[in-house]
Amino acid sequence: MEYLPLFADLRRRPVLVVGGGEVAARKIQLLMRAGAQIIVAARALCPALEEIRQAGGLSWLGESFEPAMLDDVFLVIAATDDAALNARVSQCAEQRHLLANVVDDQPYCSFIFPSIIDRAPIVVAISSSGTAPVLARILREKLESILPTFLGPMAAIAGAWRGRVKQRIRSMAGRRRFWEKALNGRFASLMAQGRLEQAEQALEQALNAGPEHGGEVALVGAGPGDSGLLTLRGLQLMQQADVVLYDYLVSPEVLELVRRDAERICAGKRVGEHSMPQQEINRLLVTLAQQGKKVVRLKGGDPFIFGRGGEELQAVATAGIPFQVVSGITAAAGATAYAGIPLTHREHAQSITFITGHLRDGADALDWQALARGRQTLAIYMGVVKAAEISSQLIRHGRSAQTPVAVISRGTCSDQYVQTGTLEALDQLAQKAPTPALVVIGEVVALHHEINWFGQQNLAAQKRASVVNLA
């Protein structure tokens, strides 16, 4: 993050604008909306600024910039067509530790103006850090079409009710749940219809009904790593959570999407290394929910595919706590897709089998005879530790030693690492594989060299297109 987003209170604060042309006028009109006390340093004013001056909207010094003009001002904006003068304004501001903006000359700016969506008191600011202003404008236009016009009045009413809600609901978590329900329920629906009086009545009724004290648990699949693969429902629950218990397999990019003030607890597991025993995780889920909290159990991939999600929900259900499950893209689907390996193919594989290489009791309970049959794909989770045994057993039971295999490390992440080879060399590949890693066995692996795409093309352009097309 190159620039820290800040919202400045400019009401009755002096702001110096150097320049009296149309560019300065556009900045001044924006400053006026924020209530700034505007001072203009320029020998002449364009018609638009002269009109504002006559209406009492600005003070005009009527002379060229002098450093002394920076005394006792809050911000300074240079908006002239004289590059040397603009640079001088910036340098003088820097010497006085004042924030300065030089229009269309980012190197001389200590702050920049974002693209703005105004639904006052809701304001959305979008910035490309000065690198792609056209992209920022396109994003603003897209969001303008998505964000409803009633957001401003709804926020104003919510602000007027904050004091009453705080008096009636003492806990911060309780107040947050009240507002989440109101802003996603009847109150918001009435606001959308323009029925302001009825909307306030709905707030009154909700407040009189009292806060909801019951906690709940949401078991959410975080997907294989790329935050773009997270489901919308999962994101919504992560943004509403009071506390999030997450595993090591959840990527930092996904964790970054958790609500900022939610408590985060690492309940991670790696092979041979458990930061928290499974029974303790089960107990903690129940305890936190019984405290009235919204708990998200965030697990890599899909929580019901080798994620012990079923075990955890058994404990939650036994305690009588409400719960829900949000599926995630499992690693076998996500990692292979990003590696250009289709799990099934009419010419190579008519079935796919998911296998765990880490059995609960450590015993060999796999049907190797069935797994060694051809024309199927094997996706083995946590298989690198037992790669030698897997290779040996499959070959012993009839699978060709030349069967193509892949070991995919950090699948779907920017540092994804794919190794390919044959079944007889699986152990050597596994020894070089960073974890977490997925083992894929089958003829479909050979297609990796034809249709591998991730990291091979201009992904920056692809991702930008997906962001721009929000609607």
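Here the Cβ of each residue, glycine as well, is placed from N, Cα and C on the backbone.
These features come from Swiss-Prot:
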type	residues	note
REGION	1-203	region 'Precorrin-2 dehydrogenase /sirohydrochlorin ferrochelatase'
BINDING	Glu22, Val23, Arg43, Ala44	NAD(+) binding site
MOD_RES	Ser128	phosphoserine
REGION	215-471	region 'Uroporphyrinogen-III C-methyltransferase'
BINDING	Pro224, Gly300, Gly301, Asp302, Ile305, Thr330, Ala331, Met382, Gly411	S-adenosyl-L-methionine binding site
ACT_SITE	Asp247	active site, proton acceptor
ACT_SITE	Lys269	active site, proton donor
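Put simply, of the recorded positions Glu22, Val23, Ala44, Ser128, the one whose Cα is nearest the Cα of Ala331 (S-adenosyl-L-methionine binding site) is Ser128. With every protein chain in view, the residue among the binding-site residues Val23, Ile305, Ala331 whose Cβ has the most Cβ partners within 10 Å turns out to be Ala331. Within 10 Å of the C-beta of Asp247 (active site, proton acceptor) there are 22 other C-beta atoms, taking all protein chains into account.
Per-residue confidence over the region 'Precorrin-2 dehydrogenase /sirohydrochlorin ferrochelatase' (1-203) averages out at a pLDDT of 94. Geometry remark: Ile305 (S-adenosyl-L-methionine binding site) versus Val23 (NAD(+) binding site), CA distance 58 Å. Between the farthest pair of Cα atoms in the S-adenosyl-L-methionine binding residues (Pro224, Gly300, Gly301, Asp302, Ile305, Thr330, Ala331, Met382, Gly411), the distance is 16 Å. If you take the Cα of the residue listed as 'phosphoserine' and the Cα of Val23 (NAD(+) binding site), they are about 20 angstrom apart, rounded to a whole number. Among the recorded positions listed here, namely Asp247, Gly301, Gly411, Gly411 has its C-alpha nearest to that of Glu22 (NAD(+) binding site). Of the candidate recorded positions, Val23, Arg43, Ala44, Asp247, the one lying closest to Pro224 (S-adenosyl-L-methionine binding site) when CA atoms are compared is Asp247. Across the structure, Ala44 (NAD(+) binding site) and Gly411 (S-adenosyl-L-methionine binding site) are spaced 62 Å apart at their Cα atoms.
Taking all protein chains in view, 9 other C-beta atoms sit within 10 angstroms of the C-beta of Arg43 (NAD(+) binding site).
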